[in-house]
Every structure is written in structure tokens, then in C-alpha cells.
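To start, the structure itself, in C-alpha cells.
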Protein chains: 2
Amino acid sequence: MMNIHPLFWLVPVASVVALTMAWYFFRSMMKTDEGTPRMKEIALYVRKGAMAYLKQQYKVVFIVFIVLAILFSFMAYVLHVQNPWVPFAFLTGGFFSGLAGFFGMKTATYASGRTANAARKSLDGGLKVAFRSGAVMGLVVVGLGLLDIAIWFLLLNAFYTDEKTALITITTTMLTFGMGASTQALFARVGGGIYTKAADVGADIVGKVEADIPEDDPRNPATIADNVGDNVGDVAGMGADLYESYCGSILSTAALGATAFISSSYDMQMRAVIAPMAIAAVGIFLSLIGIFLVRTKEGASMRSLLKSLSLGTNVSAVLIAVAAFVILWSLGMENWIGLSFSVITGLAAGVIIGQATEYYTSHSYKPTKDISAAGQTGAATVIIKGIGTGMISTCIPVLTIGIAIILSYLCANGFELELEAASISHGLYGIGIAAVGMLSTLGITLATDAYGPIADNAGGNAEMSELGEEVRHRTDALDALGNTTAATGKGFAIGSAALTALALLASYIEEVKIAMKEAGQTIVNVSGQVVNAADATIPDFMNHFQVNLMNPRVLVGAFIGAMAAFLFCGLTMEAVGRAAQKMVVEVRRQFREIAGILEGKATPDYGRCVEISTRAAQHEMIVPSVLAIIIPIATGLILGVAGVLGLLLGGLCAGFTLAVFMANSGGAWDNAKKNVEEGNFGGKGSFAHKATIVGDTVGDPFKDTSGPSLNILIKLMSMVSIVMAGLTVAWSLL
Amino acid sequence: MMNIHPLFWLVPVASVVALTMAWYFFRSMMKTDEGTPRMKEIALYVRKGAMAYLKQQYKVVFIVFIVLAILFSFMAYVLHVQNPWVPFAFLTGGFFSGLAGFFGMKTATYASGRTANAARKSLDGGLKVAFRSGAVMGLVVVGLGLLDIAIWFLLLNAFYTDEKTALITITTTMLTFGMGASTQALFARVGGGIYTKAADVGADIVGKVEADIPEDDPRNPATIADNVGDNVGDVAGMGADLYESYCGSILSTAALGATAFISSSYDMQMRAVIAPMAIAAVGIFLSLIGIFLVRTKEGASMRSLLKSLSLGTNVSAVLIAVAAFVILWSLGMENWIGLSFSVITGLAAGVIIGQATEYYTSHSYKPTKDISAAGQTGAATVIIKGIGTGMISTCIPVLTIGIAIILSYLCANGFELELEAASISHGLYGIGIAAVGMLSTLGITLATDAYGPIADNAGGNAEMSELGEEVRHRTDALDALGNTTAATGKGFAIGSAALTALALLASYIEEVKIAMKEAGQTIVNVSGQVVNAADATIPDFMNHFQVNLMNPRVLVGAFIGAMAAFLFCGLTMEAVGRAAQKMVVEVRRQFREIAGILEGKATPDYGRCVEISTRAAQHEMIVPSVLAIIIPIATGLILGVAGVLGLLLGGLCAGFTLAVFMANSGGAWDNAKKNVEEGNFGGKGSFAHKATIVGDTVGDPFKDTSGPSLNILIKLMSMVSIVMAGLTVAWSLL
């Protein structure tokens, strides 16, 4: 029936191993003690709030999915401008992504109380519970991702057996399940981001600035909402984001592989399609090795904790670099050495962007220290300095991605940059492979990411349960460790989004060619001859659609793409602003109306604040999310294929840079405040401290709402364009 | 000897008329009374400070010009990769631009004291002095611009008489004098912007926030520096910016015309080259009509003042729309009706962007009112809301420019969007003509712009000279009028920069073709044949350099372009932040050390603050400015022509959007504060007021330093690429 390369079977095996290990980590976390009744109570509040929110989010998402599925079905079965599998692929992508978010968050909300309890005994006990629980998220994401890929690959291989173009059809069809994952991720990031920052900003403004009570103080009515927010935004949101990058990079690379090797044998094509999957599968085993390496002796120092955490990720990265050679060699790939170097390029880019992010956002370095110093002259100079720093910090990540693009292209293309028809698709395949390389050890990198909010929440639990100075000190240490890993993780999420979006951009061209073939359209190639769309090379394609930089469609598309990134950011910023204002009004009301609240004699109405965040997120996520879906569709219908390519390029360049700026400004403000709190420039309660708190508050939506949501935007716009290719080809205005 | 179309002579005539009228307005302003000795003293302080700064700025610029002129001479006479006229054209462009800034600022610093004095008698007396003085700036800019163009056109026509390509050589050579104007403008905008905002932010932070004294209070040591800053930033900087857009749009359109009509007769080519110049020349006469229309009866109300001001600009705009048909018809242009509609498209786009800017930044409308309301929950929500509003406000200008691009292209190209080799250059010519249309009435639009800082300074003079409540009230009214026109003017400056940059982008291609011809290089055309570079069409060119969106060079170039915009903004933001901190420290020192200063018994040391701003500007302008020049050169040398085109596209899209965002956020914060000061949300001194002051302070560098500097950046990067085309063609790494 089919002729699948045996190495493919690594994929389902790795998937099952990942899910089994996730289950094992979850069970062992659940067996640990949850602590005092007060701790259990706090954890329950947070868990209930998080689940209640997730339910509301899934309601909105469900409606959107139904609408889109109907639209896709109409396009597939009535207009016949789309592959009949798309509606189903779309739904499974969304379903698995949602499932990953659900499991991850469930684990996180069970784990944070237990982390606080473990920290009562020892620092490394706390680390272990928090990190292993973070690993559940990491493993569930990669496990479910590969599971979905494996199922569809097997299913479609059973249906399409026409050797010549089967793999192209299969891989481009599978790509559309990325659209489901993208849509789910969009709502998770935007909704979660608005939720968490409405609560956080609201809690900070009234709590820290006006009432002068510390973070996570149980007297603050918004504190539970704030802790719930960490889970829905930083756990579920981040997970869905990376689930999408993970699947998107693997699937788009597979699609590029099927095209690049079309003139080789079917067998070689199959190897090229399986290569990204196999690298990802081996990455899971290596991530597990890394996860098990994260262990410490009793009474380990902070420095050694950080060391053991980076040991885990570094060992996984080095191993996958070595493994890439072995995998590509045993697959018998043409140019396996070059492609292995493409993998290494991606890995190295991820590491460099992570390091640059740390430099610009950690208060061990000059940029963030300077922001703290600016606090001496007030909030305005803190903001000016922070924005300046964030904008300057875009330089290294952009140059790194630029160099990675060129190197991975060159390595995959025999060190030749010329765009001969045949070789260009090999180069693009190399860019895709670099993205896969960057994401191959996602199992452990996401674990260190998800660890952050768990530790943060553990701190919140410890504070609210009044566990005493020493425990709080330990959870603070775990939290600080989490902040470092979170910054690196963010750089990583952005970098992988850029490379993935680029691979998707290339896949879009393939999708258009298939849609043209289905519609019986032909292409005028570079020699002026009319050829079958499926046989057209990339230069032919560019010539046919006049995709050059002097085509007004491309220019206008690029302008709209850049604007879309700003518009989307602006809408999410405003959403947080509005929601936070509501929260402030409510917290002030409670402080005013509930007698004895500030003396700790009366319990605040936590539920009311949770409700405000939930409603605001549910309500505010709709406009930006729907716009992100509509803009590429409208551009396609008005400006055609050339306009869409301009849009994707403009959106990618501006969106990536904007995302780095916002994430880094936000991170730097956060740590500038921490730097002052550590006693510099007057320490807690000083003029500089108040000024840096304003910076931190502004930075919250920068780094946790708008910035990360842009990752999704740049991928989603490509995904929507891919799914809509049939419609664009069938009709466009200009 | 030469065969210049008679309508060309309109250009020198208009230029002389403009300069004569500027002289007339200057003389009549100088004849008015300067007021009390105290008023004269204050005006002298400001004038001296402004001139001292300008001297410093010209020193830095002089060195940069010498270095660049040597570099260009080396390229022209040793490497032979550049036209021998370029070093001279470069120097005259810089010289005339500097001269325009000098005259404009000289006038402004003489006028503001006299405006205050006239306002002692009547509101409309003040308006007349201020507006006519602003008109000096407007007329000097357009007069000198056309003078430089006329001289070079006559000179080069005497040298190049080879009928076939003469006009292409002439126009592309002239284009490089835009590089001189760009470089001068860059330093004027960046240096002036840093100067003015260091003083303004410093004065506000200590004066308004800490010491609680009003704006322009003579007790504030930074107040003179603040007033000097208005002149160097908003008069000289804005003038140099628009001088460059004005010349750049005319010259690039002339160059595009020479190419578009190469296959028609030499005569038609000449008409196409002269058309933009003739439109600009007629625009001068119509601007003068508009300027004379700005007059009011004694005792006119505020509303009628605003009406008479917009009457002037609107009448000029309507007249030029009509005149375009007449000019293009009497020139005997092919498709003169279509091209006239391209002019109208540009004019309409300017008006729409201006209106949108007003909507998003005036406190008569919801967005700015909402920012004021956010003041009730503190500075952080003001900042979040303002950034959100600014980002959202990019939508209309970007869509407007997009529609203008497509419409002006379609109108000029017989309503055909297809990119046939012959018609594409007609379409691009239409885009250039639209830019010329938008800028044709610069004489009056710049007058209303330059009026703003003069009125602002008049207010400062009145406050410091303690002229009493009523006079201050009148100057406040004049200032408020100026704020409205300034917002529209900024939108206009950005919009014209975008269209001009696009025309320059198209001209770059022509410049590369000429450089290739000089170097004896050939081009592989779309049919795969080797042809002479000069005979290549735009599709041939794109094919040869593989300028398509899947070329890694283009992709990486676009990434770098987007990043360059952010980096440049970040550097200028940081520069203002650093300089402002120094100013704050100095003002605090004076308040502390000079006894009786806050009681008005001792005179502050104004000179020290002027010196700080001057030094900071001089020092801080270097890095961002030099980077703006180096980035396109480096990109060309590493990534070649395809990389440069990517760079320019990425820089244009991201830079334009970023510029609109920053200008509008800044403007909205300014007016949100004014809204509170008018008694809303608690009025002056309230919690909301303090919060909106932080917003206003952050907005200062947004709207007056980084945002406007981006206008120059996007044009300068194109200009540098054009001048460096020979080098890029001779050698590039990848």
C-alpha cells in the first residue's frame, strides 16, 4: 500500500514515549504533599479560576472553529477551491493544541502549591517538583504534536499513492492542520495575555503604588487573578504558541522537502519529508536525557541550580547537533553534511538570541542597570530609556536571524547562493531544517519555560499562606531562576517563529501552485512559455505573478503587513489598558468598602477580580484575533498572490522586530525594578523605586501580551494565506 | 545648444519670486516693534542660543560633508564608479539646505518676541506677524530648492547633449544633490530633535513635576534652552526635512520621467522631466495666493482665525488640483488627464493623513480623551493607552498611502495594473507625480508649520517678560492654533516622505542601470538574452538580480531595513534620555545652590542649560546619523543590489509605520495633558494631571525627535544607496 521509510516509525514511538513520560512526571508530582490547609485553599482558588477561564476561552474558540470549519467545508465541497481533508486537519490541529494547553495548565495549577510545600523543606526539592511539572508541559506539547503528525501522515499515505506528486499533496494538506493550531494559539496568547496583564497591572497599580503592600499580598483582591493569569498566559499561552511553531516548522519543512526533491527519486523525496520529523523525534529522546540531568544535591547553592538547569538544555542541544549528522546520514539524504550544518545554524541562532535577550534584560548588565539609574529622574525617563533599550536590542536578534537564513540556505544548497530554479528550493528546505533544529529540543526548553510561572505561583502561594521568611526566600530564588529562563525562552519563541514563518512563506508558493493545478490554471514561465502550474519553478512563479519589488501590489501588501503588526499590538495594548482600569476601579472599591481589608482582618472578594479578568479577556480577545484572520484573506482577495507575498514579508520583518522590541523592553523594565528593590538607587520605597514600578507596569503588556502575540500573528498570517490559497487563485480584484 | 521646453523657465521665475516675497515678509516683520527691554532681552537670549547651537551643528555637518565629499571624489575620479558631478551636486544640496534652515531660524528668532509684542495689542496682529514669519521659512525652502534645481538643470543640459540618454544622465546626476540635502536634514532633525527634547523633558521633569512651577516660568533655568529648542528642532529641523522631500520628490520624478518616456521622442522625455518642476513652480504662486488669504478683521474670534488659516491652505490645494490639468495639458504630456489625477491622488492622500492625524491627536476626539481618562488610574495606564492609540493610528495613514500608490500608478498607466515592461515605468512616474502633488503647495503648508514654534516661543517670551494675563491668554490661543497645524503638518511630512522614498526606490534601479552601463556590465533579460544594461526593462532588471521575495538577500535585506528603523529610533530615544537626565541634574543643582531662585529673587544660569543641550545634541547626533549612512553602504557591499532593494523596502514599510505611531502617540499624550489642564478629570495639579505629564514627557522625544527623524532615515537610506550604486555594482560579497 505505501512505501514509508522505516525511520518514520521513530515518530510515533517518540510521541508515545513523550506522553508516557509526561504521565509519569505528572503522577509523581501528584504524589507529593500539597501542604497546609491554607496552601490547599489558595491552590484551589487558583486552579478553579484558571479552569473557569479556560472554559470561557474554549467557548469563544469553539465558535470561531465552527465558523471557520463551515467556511472551509464550503470552500472544499461547494466551491472546490480547497483540499477536502482541510476542514478535518484544521479541527484536529486545534483540538490537539487545546489539549496540550489544558494538560499543561492542569499540571501547573496542581504543581505550584506542591512546589511551595517542597520548598518548606529544601530549595532543590522545590526545584525538582517545579521543573518536572514544567517538563509535563514540554513533553505533552511535543508528544501531541508528533502524534498528530504521525496519524495524518499514515492516513494520507494510504489515500494518495500517485508516486509523482503524492508527497507534495500529503505534506501541503498536513500543513493546514497548522492553521488549527495557529488559531487556537492566537486565542490562547491573546486571551491569556490580556487576562494575566489586566490582573497584574491592576494589582500592581493599586497594591504596590497606592496601598504600598507587597506583591502577592493576600490583602490585595486581585492577587488570585494575578496568579491565575500566570497560568493561563505563561503556561497555556506559551505552550500553544510553541506547539504551533513546532508543528509548523516540521510540516512546512516536510512540504519544502517534497518540492525540493521532486526531480530526484520518490524515495529521496520521502527521505526529505521524513527528515524533519525524524530530527524532532530524536530531539524528544535527547530532551528526556536533558530533563533527567536536571538534579541537584541537597543544599545546593543558587548558582549550582542555574548550572544544572542550563546543563540539561545545553547537553540536549549538543547531542542533537551530533545526532543530526547521524540521522541525515542514516536516512541517506543527498548533501547530508550540509543539511546537518543547517540544523546547527538554527540551534546556534537560538542560543545567540537567547544570550542577547539575557544581556538586554538582566540586571547583571549595563542596559537594565541604566534603566534603574534613570529612575532617579522619574518615571518618564525610565520609560524613555526602556523603549530606547528595547529598540536597540532588536539589532542582534535580527542580524542573527539574517545570518542564519543565509547560512542555512547556503549549507543546504552546496554553498551556492544563486537562485537557479532547481537549487532555490533546496536552499529554502535548508531554512526550514534550521527552524526544526532550533525547535528539536523543545521538550526541555519548554520545560524550563513552563517552570517559571510554576515557581512564580509557588511564591504567591507561600506569600498568601504566610509560610514565613525562609520559605518565601527559597521560592523567591526559584522565581528569579525562572525569570532568567523565561527571558531566554521568549527570545527562543520569537526566533523560531521568524524561521517558521519564513518556511511557511515558501510553502505558500507551493500551496498556490497546487491550487492553480486543481483549478486548471497555467503559468507563464520565465522563458514566456505556458506551462502546467505544478511544473513551474519558483522563478517561473515569481515571473507569472510579477512578484517583484516594483509591483504596487507587493509594495502595498508589504505596507499593510507592517501596519498589521502595529495595529494588532495596539489593539492588545489597549485591551490590557481597558481591562486593567476596570481592575483598578474594583480593587479601589474593595479597599474602600470592605472594612478591615488592609489590616488583614477581612477577606477580599477574590472571585470578583477573577471574573473581571475572565470577562475582559473573553471580550477583548475577539477583535484583534478576528482581524489577524481577516487581513490576509482581504489582502488576497484584493491584491492577489503578489499582494499576499508582500503582506507576509512586511508582516514578518516588522512583526519580528516589533516583537523583540516589546519583549525586551518589558523584560528590562521588570528587572530594572528588581534591581532597585535589591537596594540600588535608594531601594524599596524610594523615588527611583516608584519610577521603576511605572516602567514595570507598562512593560507587563509589552512582554506578556502584545510582544508574544506577535509570534502567533506572523505565523498565523502565513497559515491563513496557505489555507486560503485556493480562493485567492480563483478570484482577486486587482 | 540645448532644447529646453519653454515652460521650464517658470522654475527660475517662481524661485526668484519666492525668495523676493520671503525677503519682503522678513523686512516687514523686522519693522514691527520688539517690545519692552525685558522682551528684547529674552529674545536675544533665545536668538543667541539658537545661533550658537546652529554653529555647532554646522561644524559637525561640515566635517561629515568633507569626509563624504572626499569619499565621493575618490569614487568618481579614482575608482571611476561614480559620475564626476556628484561631489559638487552633493555639496550644493547640503549648502542650500543649510542656508534654508539658517534663514528660517533667523527669522523665527526675530519674530517670536515681535509676535508677543503684537499680541499685546490684538490677537490678529500676533497671528499676522507669526504667520508671515512662518511663510518666510516656507518660501525660502521652496525658493532655494527650485533655484538649485534650475541651476543644475541648465548647467548639465549644456554638458550632455547626446539626445538618446542625455536626460537620464542629467536627472540621475541631479538626484544625487538630494544626498547632500538628506545628510544636512539628518543632522538638523536628529541634532535639533535631541536638543529641543533634552531641554523640554529636563525642564518639565524638574519644573512641572517636582517644583510645581508653570511652563516657561523664568525661574526655571532650562526654560531658555527649551525655547531655543523649539527653533532648532521645529523650525530648522522641519525645514530641512521638507526641503529634502521637496527636492527629492521633484528630482526622482524627473528621473523616472526620463526613463518612462525613453521610447517616445526626446521632446516628450523633456516634457516628462519638466512636468514635476513646473507643477512645483506653479505651486509657489498658488501658495502665495494662499498666504495672502490668511488675514482677519480686527477682533476676530479663535474659530475664525483657524478658518482663515485653513482657508489659505485649502484654496492653494484646490487651485493646484485645477492647475495640474492646465500645466500637463499645456506641456502636451501624453495621458495628461491621467497624470493630473495622479497629482490629485497625492493631494488627497496628504489631506486624509492630516485629518486622521488630527483625529488621533486632538483632544476634541475620543482617543485622546480616553488617554486623559486613563490618567485617573496613573501614569502606567496613560503610557499603555497612548502607545496603544499610536499603534492603532497607523492604520488609516498606511491604507491611505497604499491606495494612493495604487491609484496614482493606475491613473498614470491608463488604468492598467499589469507590469508590462513598458508600462511599469509610467506607473512609477505616476507615483512620483503624486508625491510632487502632495508637496506642491509646500510654500504655505510649511508656513503653517513654522508658525507653530514661533507662536510657542511668543508665549514663552510673554510668560518670561511677565506681560500679564491677557497677553499670555492671546499667545496661548495662538499656540493652540499652532498645535493643530503642527499635527497636520507632521502627518503631511511623513506621508510625503513615504511617497518620495518610493520614487527614490524606483530611481535607484535606474541609477544601478547607469552604473552598470558605465562599468560595461550587461544584463540577462527575462528571455535569457544578454543585453546592454541601459536597455534593460524593470522586469529584466529584477530577473537579472533575482530580486524576488524568495531570494535570501532580499529577505535578509528587508529584515535589516526594518531593524534599522527601530535601531535608529532607539538610539535617538536613548540620546534624549541621557541628555535630559543631565539637564535634570543641572536644574536640580541650580534650585539647590542658587539662593532665592524659586522665589524669583535670583536669576537662574540659563547659559549653563543652553550649553548642556548644545553639547548633548552635538555629541549624541553622531552615532545614529553615521549609522544611517553606513547601514545601506554595508548592505550593498555584502548583499548586493537585491539586498539593497530589500533593505529599502523593509526600512520604508517599518519606518513609515513606526514614524506614524511615534508621532501620533506623542501628539496624543501632549493633548491629553492639555485636556486635563482644561479642567477635566480633576484639572491642574490633580492625580490625573501628574499622570498625563509623564505621558507628555515620554511623548516629547516620540513626536519631536525619533518620529520625525525616521522621515529622513527612509529617504536618506535610498539616497545613500543611489549615490553608492556604482560601488555596489562594482563589488559585493554575496
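The backbone N, Cα and C atoms fix where each Cβ goes, and this holds for glycine too.
TrEMBL does not curate its annotations; it predicts them automatically.
Some features that TrEMBL has for this protein:
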- A:6-26: transmembrane segment (TRANSMEM)
- A:60-79: transmembrane segment (TRANSMEM)
- A:85-108: transmembrane segment (TRANSMEM)
- A:129-154: transmembrane segment (TRANSMEM)
- A:166-187: transmembrane segment (TRANSMEM)
- A:272-294: transmembrane segment (TRANSMEM)
- A:336-356: transmembrane segment (TRANSMEM)
- A:395-415: transmembrane segment (TRANSMEM)
- A:Ala486: site 'Determinant of potassium dependence' (SITE)
- A:491-509: transmembrane segment (TRANSMEM)
- A:554-573: transmembrane segment (TRANSMEM)
- A:621-639: transmembrane segment (TRANSMEM)
- A:645-664: transmembrane segment (TRANSMEM)
Contact set, same chain, for the transmembrane segment (A:6-26): CB under 8 Å, 6 or more residues outside the stretch: 103, 107, 132-133, 135-136, 139-140, 142-147, 149-150, 153, 274, 277-278, 280-282, 284-285, 288, 327, 330-331, 443
Which one of these stretches, A:85-108, A:272-294, A:491-509, A:645-664, has the most C-beta pairs shorter than 8 Å to the transmembrane segment (A:554-573)? A:645-664
Could you check whether the transmembrane segment (A:645-664) and the transmembrane segment (A:166-187) come into contact, where contact means at least 3 Cβ pairs under 8 Å with the two residues of each pair 6 or more apart in sequence? no
Seg_contact(the transmembrane segment (A:129-154), the transmembrane segment (A:272-294)) with at least 3 CB pairs under 8 angstroms, min sep 6: yes
Are there residues at least six beyond either end of the transmembrane segment (A:166-187) with Cβ under 8 Å to its Cβ atoms? List them, or say none. 57, 60-61, 64-65, 68, 83, 85-86, 89-98, 101, 148-149, 152-153, 156-157, 160, 237, 240-241, 243-244, 247-248, 251-252, 254-255, 257-259, 262, 266, 269-270, 273, 504, 507, 510-511, 514, 621, 625, 628-629, 709, 712-713, 715-716, 719-720, 722-723
Distant-in-sequence neighbours of the transmembrane segment (A:491-509), which means Cβ under 8 A and at least six residues beyond its ends: 172, 175, 178, 238, 241-242, 245, 248-249, 252-253, 255-256, 346, 349-350, 353-354, 356-358, 397, 400-401, 404-405, 425, 428, 431-432, 434-435, 438-439, 445, 538, 541, 644-645, 648-649, 652, 656, 659-660, 663, 707-708, 710-712, 714-715, 718-719, 721-722, 725
Under a three-state DSSP reduction, the secondary structure at A:Ala486 (site 'Determinant of potassium dependence') is helix
